[in-house]
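Have a look at the structure below, then the notes.
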Amino acid sequence: MTSVSENTETQDEKSQISRPLDSKSLITTTSASQLLKPDLTTEELMAEEQKFDTVSSYIWSDEDNDEILETIENDEPKEEAPTDRPSWANKIEYLLAQVGFSVGLSTIWRFPYLCFHNGGGSFLIIYILMLFLVGVPLLFLEMAAGQRMRQGSIGVWKVISPWIGGVGYTSFMVCCIVGLYYSVLMAWSLFYLVQSFQSPLPWSACPLLKNSSDFDPECERTTSTTYFWYRNVLKATDEIEMGGLPVMHLSVSLFVTWLIICISMIKGLKSTGKMLYVSVLLPYFILFCLLIRSLMLEGAHFGLKSLLAAKVSALYSVEVWRRTGNQLFLSMGPGFGSFTAISSYIPRSNDCVMDAFAVALLNLTASLTSTVFVFAIMGHLATENNEKCYLRNAEIVLNLIASGVLPAEAHPPDSMYHDPSSIYSRWIKSLPKQIKDMVLPYMTNCDLSQQLKEGPGVAIVAFTDIISAFSGSTFWAIIIFVLLASLGLSTMTGIVQGIVTPLQDTFSSLRKCTNLLTVGICVPMFLGSLIFVRPSGSYYVNLLDDYWVSLPLFFVIVILENIAMAWIYGARRFLADLIIMLGHPISPIYRWLWCFLSPFVLLVLFVSTLIHLSLKNITYLAWDSRISNEVIRIYPSWAKVLLIILIVITILPIPAYLIGVDFTVSMIHSRGTVIFKPEAKGNSPKSHPRLQVRKSQKKVNTMDK
């Protein structure tokens, strides 16, 4: 190994940081030739570097783009070197893989909920703004890194900078943990799908007691859908402390889930690509059908009015911005390493700029479509509940008239039962003031907006409530749970790809036995997932999904990725590399977004989330069998300790790898000195800083000598 040590340059603020390119050199220079030809030896790289000395690494304007393209026009080879790395069969399969991973279950059931509770139209404005100013640049960064380096998360960040090589290991660990509990969400959907092949649906009414014609009193104290969820599906305990063996029917669903994932990926990209045509395209078709059907329901327009009604105060709320940022990263999915892994199997000349926009727009389309669908259903259910409220009030007035409490003049019109929505308000307005004052104290306030707030929350239970709004509920139940299962499958494919690719890049021999590797991953993942299908398992899912995943994944990992690429490797240099790689100009605005806006937004979100978690008790929604209702409980102290341990374990590879690099560098400091040549000034051609080694008395070329 070449003996080198660092000598900090104090004059030229534009000097670039060196990084290792392969195992033969710990610290070396990154130039355009190195990026384009990583397989060359050190001597060949030095020769190739001469050719790109005139390539500017300062991407400030479109003129610099043109200069770079003109410089490399005659030198850049048009054909890519052949590689034994597998690749997607075509661009469509590649895009389906990216979109399938990005559009997951949180897109369907979390986005509408947050939109409703965080200002409606204001939430949409903030989300779209953050999507294009922060989400797309970060998505582009991960895609471009994987496409350029042709490696998974572990290998890419080692190449970018040795100091943050641990980020790839953290992404790998996050994929493993998220895969454990995310597969349970898909197992729930599969169980509901199987149960949907019945008429009437098993959650449409309360069950009867054994040897009796009476309904279960526990179910009668709540709704049939809520009872079915907690008592029939989860077999839920009242508290997280209560354990128990895995629930049998959920264990079977979980096994089928992992079996489907294993079969879909066992042949590598060939089998995965074919599966994506169904698991990605089908949900969009189903969403479109559900949207059309929901807009035809009575009262749908009221739900859409609530969606479009923007609350100006929400635009100035830090809490709303924090929740919007969390949803953006939960929905898009940066930080897993899956975008990087998927992009590593596409040719380097692929236009990843347009891919990032395409994935973001399709993700936004799915989010907005599901939101319109849910709000239309909520408007319909609110209208139905409102009409029931009108009729109850009319019955109360009739009973009071019969008992002599109210005069006969207060009698509601007989046509009330035919069209309560329009006749009720006219009847109340037509009453004389004296009689109206007597009637109103006995009546319930039938406010349509209040009915909407009591509408379904966006979760699996809510979807079972939504199904009741359709005629032919069995058919629509099958359609909706096929939608949820397909979304879960495509997302799980991306998560598992984020595990498989780094392993094959780290241990190249595993590429020859993809079948065994896939089975070797799916089997232990299935066994580990069983902890989440115990009677208290859903409470652990909530603990990880609500409180754990955001800190290590979307802030620590993404922040370090952003800073490493923008400030350690250099955003301008990275843009210059991409211009060479893609062969066309790239807007210099990405440099500003990577260097300034994205890190600032990420740091603000990280600090606000940290403050939010430290000041708020972490709670979960539990079932209380004594009152047959959902209650909010505080997680016990040991659950908080478990949460902290998981956060520390997932983040630990970052400082551990950094310490290892520091130790390695300190061992070679006495061998030589690294100096940088300043770049040419004035009108002379700009060149990359050249790494030179001031040899010690004894010349040492490689470790082998």
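Each Cβ is built from the backbone N, Cα and C atoms, and glycine gets one as well.
A TrEMBL annotation is a machine prediction, not a hand-curated record.
As recorded in TrEMBL, the features of this protein are as follows:
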REGION    1-25  region 'Disordered'
TRANSMEM  94-112  transmembrane segment
BINDING   Gly100, Val103, Ser331, Asn363, Leu487  Na(+) binding site
TRANSMEM  124-145  transmembrane segment
TRANSMEM  166-194  transmembrane segment
TRANSMEM  247-266  transmembrane segment
TRANSMEM  275-296  transmembrane segment
TRANSMEM  328-346  transmembrane segment
TRANSMEM  358-378  transmembrane segment
TRANSMEM  475-501  transmembrane segment
TRANSMEM  513-533  transmembrane segment
TRANSMEM  553-571  transmembrane segment
TRANSMEM  592-615  transmembrane segment
TRANSMEM  635-661  transmembrane segment
REGION    679-705  region 'Disordered'
COMPBIAS  687-698  compositional bias 'Basic residues'
What stretch of 166-194, 275-296, 592-615 shows the most Cβ pairs under 8 Å to the transmembrane segment (328-346)?
166-194
Neighbours of Gly100, Val103, Ser331, Asn363, Leu487 excl. site residues, C-beta within 8 Å of centre, Na(+):
Val99, Phe101, Ser102, Gly104, Thr107, Gly333, Leu362, Ala366, Ser490, Thr491
Considering only the recorded stretches 94-112, 124-145, 247-266, 513-533, 635-661, state which has the highest number of Cβ pairs under 8 Å to the transmembrane segment (358-378).
94-112
In the same chain, which residue numbers or ranges, 6 or more beyond the ends of the transmembrane segment (124-145), come under 8 angstroms Cβ to Cβ?
98, 115, 156, 160, 310, 314-315, 320-321, 324-325, 327-329, 332, 334, 337, 339-340, 343, 352-353, 355-357, 359-360, 364, 367-368, 558, 561-562, 565, 574, 578, 590, 593-594, 597-598, 601-602
Which stretch, 275-296, 513-533, 553-571, 592-615, tops the Cβ pairs under 8 Å count with the transmembrane segment (635-661)?
553-571
For the transmembrane segment (247-266), distant same-chain residues with Cβ under 8 A (at least six beyond the ends):
183-184, 186-188, 190-191, 194, 233-235, 272, 275, 279, 488-489, 492-493, 496-497, 500, 514-515, 518-519, 522-523, 525-526, 529-530, 533-535, 537
State the residues, same chain only, that lie 6 or more residues beyond the ends of the transmembrane segment (513-533) and have a CB under 8 A from a CB inside it; answer 'none' if no residue qualifies.
176, 179-181, 183-184, 187, 246-247, 250-251, 254-255, 258-259, 261-262, 265-268, 496, 499-500, 503-504, 540-541
Same chain only, please: residues at least 6 beyond the ends of the transmembrane segment (275-296) with a C-beta under 8 Å from a C-beta of the stretch. Say none if there are none.
93, 96-97, 99-100, 103, 264, 365-366, 369-370, 372-373, 376-377, 380, 470, 476, 479-480, 482-483, 486-487, 489-490, 493
